[in-house]
Amino acid sequence: MLRTHTCGELRLDNVGEEVILTGWVQRLRDKGGMLWIDLRDRYGITQLTFEDGVTPAHLFEAARSLGREYVIRVVGKVIERYSKNDKIPTGDIEIHASKIEVLNAAKLPPFMIEDETDGGDDLRMKYRYLDLRRTPVRRNLELRHQMMRAVRAYLDEHYFIEVETPVLIKSTPEGARDFVVPSRMNPGEFYALPQSPQTFKQLLMVSGFDKYYQIVKCFRDEDLRADRQPEFTQIDCELSFVTQEDILNTFEGLIRHLFLKVKGVHIEKLPRMTYADAMKYYGSDKPDTRFDMRFVELNPLVKNKGFKVFDDAELVVGINAKGAASYTRKQLDELTDFVKRPQIGATGLVYARVQEDGSVKSSVDKFYTPEDLQAWATAFNAKPGDLLLVLAGDKDKTRKALNELRLEMGERMGLRDKNVFSPLWVVDFPLLEWDEDSNRYHAMHHPFTSPKPEDLELIDDRPGDIRANAYDMVINGVEVGGGSIRIHDRRLQEQMFRLLGFSNAEAKAQFGFLMDAFEYGAPPHGGIAFGFDRLCSLFGGADSIRDFIAFPKNNSGRDVMIDAPSPIADAQLDELHIKMKNLPS
Ligand code: ASP
């Protein structure tokens, strides 16, 4: 090795030792007679000290001529520091150098490579290899590594076998657009990159593998957000001869294991909530249960009192923001503006304050008597000092809007602490979802999901009411994983494809291989996949998954560091029999 120790290693015990360190010059402080260098590597920072008159002149000058991010090798003696730094583990010592060797010079970096940086997002993405030198970013990847190890340890211990599945495949229906790859050897034909290994893992069950997992890249061509990347990583799992109950228990075990091993946090048994309740009480299939503030429906209390907005509404529903009655007019106006934003789409906000004497003062006092308003307070279990916020309108839209308002209030009231974790299972999802645009049903999870046997009788008359054996794991309002018990019977699978509007020929062309496999002894099976990047960002207390991916893409799906995607040469296009046309300028 070029070094005897790392920059994070030396302590008081090493005082007096002659050591060799290598690393990057993070900072150089030149006070004339004294010069300090912070030398950094992956393990930490060690201070090098040079003193005019004590350090030989040529060495002092050599140190002075170093620039930020130079890669150097230093020979020196470990000395106890006069003024110690308790912020870093090596803060009790420093190195008095006897030799400096420049291993490589460096151009001035485009931003500060320190915990707090002056670099904007774009610049840091372009020079991602420099950003990765920063401790907070490196820590995120260390966390990811730790998570990956803990996942493998748990699944290995539970007899899962990791099997790799191909990346050049044909479309898997996970509800997004496919990335496609042209095939040179098969002109005019394309592979699709997997949106998930769904069909392969089911085929592995037919092969008898029984318990499969894979930490695997998946690709979905969707519009991007903070928690989405075109390529992302799943912990993908499938099991045979299991019930939904077995799967929930196995994977809640995985999550508890991760919390314990990686964060030292003990998680109780995960509560379960039906999809119907999640929508009714939280307006979302991924409720943030770190705080209560459940929805209270008011229809019977508010109708036919002359307030047209409520009379015309399909649903009148509200939340109780406990202790927020002191909200000023300005704050309430902000909330009204918030719910009226086009993304949220409410037409207005009704509020009612429970005053110190227990009486209720509302924005609709004109229409409701004090007794009416008392009945509201009772429905919300409201106490003096509470603020009731009520929305009205179309059922689904109003629930969605109130969900946003609830989250906003949770945020404002400090109820969404990143160090508190509230995982739960949401179960009994509908099998199908009506799509207004295409005027037909879509699979809510994917077309391989099994209906609940007891709901099968609804298949002809009320398919929209069929529930699936499908489940999501939700933590702090984030869907971290989801899966289902699968169909393993060819006839039922065919029926499902028909329901989804596939002709027999289409179903056969796209998924014939799977339906054929079902005729060779397919075991009952089911599985789940976790969004690994999301899980990492959640554990790391961040909102964006980008910081937990070594080389992420920006919001336009570009890797600005390597400049991809990029045009390819005409010769390459010819080889693929592809002709460009009408490119948007
Ligand atoms: N393939 C599914 C997904 O990517 C997960 C599953 O059903 O196991 O969401």
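Just so it is clear, glycine is given a Cβ too, placed from its N, Cα and C backbone atoms.
What you see is a predicted model, and the numbers here were worked out from it, not measured in a lab.
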*Taking Q229, Q493 as the options, which does TrEMBL list with R220, D221, E222, E479, G531, F532, D533, R534 at the ATP site?*
Q229
*From 66-69, 198-201, 434-437, which range did TrEMBL mark with region 'Aspartate'?*
198-201
*Have a look through E174, E268, E404 and flag the one TrEMBL assigns to the L-aspartate site that R220, H445, R486 belong to.*
E174
_From the DSSP assignment alone, can you count helix, strand and coil residues within the region 'Aspartate' (198-201)?_
4 helix, 0 strand, 0 coil
*In whole Å, note down how far the CA of R220 (L-aspartate binding site) lies from the CA of R534 (ATP binding site).*
15
*asked:* Using only C-alpha positions, which one of E222, E479, F532 is spatially nearest R486 (L-aspartate binding site)? These are the binding-site residues in the record.
replied: E479
*Please report the number of other Cβ atoms within 10 Å of the Cβ of E174 (L-aspartate binding site).*
16
*With every protein chain in view, how many other Cβ atoms are within 10 Å of the Cβ of H445 (L-aspartate binding site)?*
24
